[in-house]
């Protein structure tokens, strides 16, 4: 399950924030638009987010259903994660993560399938930004209603950087009223020796640094690859004690199903607490409701409510 977060005002009266199903406005080529004199930018208010697990497969197999959903909800912004489309650039050459690969007959055909889907109603109303990996792995996309005008679009947690995050894991849109952060977090993995624990710790540290230095309200959505609390999974004890081929990490806090280890959950809780962020889904749904969650297919006994 993808989540939305909105910070509580750091100053002023203490009260619950107004939650929105928000979205973002489209930026201009080169990363931003100059606002015309006297023009008031419309604020995004409705957001839709989806880990597509291959946007090409969704375009081929699930597009009519998804199109009806978008027509029904009419989101201002649509965030995709795990688009799994390679970046433009021939083999051995530098890649362009802003563009879809089309230098071979197969990649051209795949690009045509996807762009045809995105040009049909209602998607023709949106402008598209990509942050892509070099291969069919990871990657994110952002669709924003054309009448909305973000001030800037960037592709890194380091707002001063011009480069994309490795594997296209971040798209950041700045609006007059807020930031929208679309992320595909790296999976924690099972083993310390594979450096996946280190990679996830570094990611969480950078996310914390990011949320602490922004100066506007933040809407953070995407596949965050973590289930925060026991209420977010169907079998907490099972997931806490899960092992891969009997392997037990040296640190007890790293034991369990990736996404539900104690270390990941504590770091995520720290990000929410220090960043004064609200889990909007739990704000609205205090009780366990796994039927509305993400059904994890890795094991028949378990369900995750992913953030």
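Glycine is no exception: its Cβ is also placed from the backbone N, Cα and C atoms.
Noted in TrEMBL for the protein shown:
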type: BINDING; residues: 51, 82, 223, 225; note: Mg(2+) binding site
type: COMPBIAS; residues: 98-111; note: compositional bias 'Basic and acidic residues'
type: REGION; residues: 1-42; note: region 'Disordered'
type: REGION; residues: 88-111; note: region 'Disordered'
type: SITE; residues: 225; note: site 'Transition state stabilizer'
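Local packing around the Cβ, expressed as the count of other Cβ atoms within 10 angstroms, is greatest for 223 among the binding-site residues 82, 223. When the region 'Disordered' (88-111) is classified with DSSP, helix, strand and coil residues number 7 helix, 6 strand, 11 coil. Of all the binding-site residues given, namely 51, 225, the one with the smallest number of surrounding CB atoms inside 10 A is 51.
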